[in-house]
Amino acid sequence: MVDTVIPGDMACLDADLLQLQEMSSFVLNSKPGFTQKLFDQWLSLPEAQRQVGSLLKDAVAGAPINVTGSASGSNSATIPSMFPAGSAPPLSPRSCGSPRTTKQRAPSNLGSTLKVVNEPVKEPIPQFYFQNGRPPPSEIKEQCMFRINHFFYGHMDGLQIQEFKLVTREICKLPSFFSTSLFRKIDLNNTGFVTRDAFIDFWVNGNMLIMDTTTQIFKILKQKDQSFIVKDDFKPLLKELLATHPGLEFLQSTPEFQERYAETVTYRIFYYINRSGNGRITFRELKRGNLIDAMLHADEEEDINKVLRYFSYEHFYVIYCKFWELDTDHDFLIDKENLMRYGNHALTYRIVDRIFSQVARKFTSKVEGKMGYEDFVYFILAEEDKSSVPSLEYWFKCIDLDANGIITRNEMQFFYEEQLHRMECMAQEAVLFEDILCQMIDMIGPENESHITLHDLKGSKLSGNVFNILFNLNKFMAFETRDPFLIRQERENPTLTDWDRFAHREYIRLSMEEDVEDASNGSAEVWDDSSLEAPF
């Protein structure tokens, strides 16, 4: 036998397919054991082996198999007879004289002698799943390796954290204040060094190299076994920012205010980014927000007050001072009566009650009837930036008394009644609720005029005015009189938010008050711009 291996299903004998002139298929089928011996004898012939081997090679190669012919045709000799000449056994006789037993056999093709399955050639499927992402292209990897070798040259023991800052900025293209967080991600054993091989394993082999900036930052900030970012994850980041940013150097002598600044930045980040409000920033929330751009801006801009999103020191100063003004006993907690004094008694009792009922947001102070600093940060951002989505959601929950997802006429009237009463007490011209209701409906343009949904509010640029009408008398009167100062501010700086404009006005006011106080105490020095940057 030749080396050709015939699969089992191809070596099974089908007598009808043999198409032998010497013997009928009836005889072959009636004696399977005898027939199998004949088949084995035929398969042992050299010519049969060559024929079968050729067919198998064609089948494996995917080539068309052409063995057509008939037993009586010229190609019948291509497959040899099972028996030597003159040695064929006699045929079994038919029933005598019965014409019905006589059967003329029609010629048939020899091509189906063996059932050869023409299977397609299997092509290898390229890898499509990579646990750490698709590897970087060789060109990008080579460029990165060249830069890595340059920065680690001469540092056989690795780089220390101060030396690692250049790697963070120049190779990783991340803000420099990420250096400590990135360093700790690689130096898992706290050796104080990051070697070349360890950095390559984390940044290149871990495919951090080709990830987008948002993914890189998310992986660096979050804990290894978590799929989200919590407040504590920002601590090393902000600690390094305070230690290295030129616009925050003046705070290094007052560590207590460094801590307050870091807390305020973190609260602002979670207020705008963590839309679920569960204290856990997901990758999707991080990607949808503007935090990454703000971080890159903070790293490039020496004047931290120009980084209006999250990091402005002036914004922190305003928030902290406003809280300090209300916290008369300075226990870092404020109650309802304290909050009623906010904005020169601008808020109604009814809205303050709703705030302290914690329907908009659960307080973190853990003290009954008291609002902590974090709670106040959420409140002031919601109150002074009513054009933002977090603010609309905050106040919608307060006005929606039955929490059924819509604000009805009765709910709006409930809050406006106190506004109306206050206007009458101040001898102001009162605006009837029916008139103001039509005005609010015109501003919002709800899908159903019988009620207002959160979706309706998010679709209107005037939604903040509706809330001012309902519970902030000072802003309501300013809106009614169309304060020319506010209108001019909006036209001069159309890109600024309501919060940006408020914080700027308040910072100037607070700075001037402090300057006057210093002068009255006889401690005023020659005033310059630097005093605005170092109020503490």
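Just so it is clear, glycine is given a Cβ too, placed from its N, Cα and C backbone atoms.
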Students should find that the region 'Disordered' stretch in Swiss-Prot, chosen from 437-456, 477-496, 517-536, is 517-536
The domain 'EF-hand 1' (174-209): DSSP-derived helix, strand, coil residue counts: 22 helix, 1 strand, 13 coil
Across all protein chains in the structure, which of the binding-site residues ASP400, GLU411 has the highest Cβ count within 10 Å? ASP400
Counting every protein chain shown, other Cβ atoms within 10 Å of the Cβ of ASP402 (Ca(2+) binding site) number 9
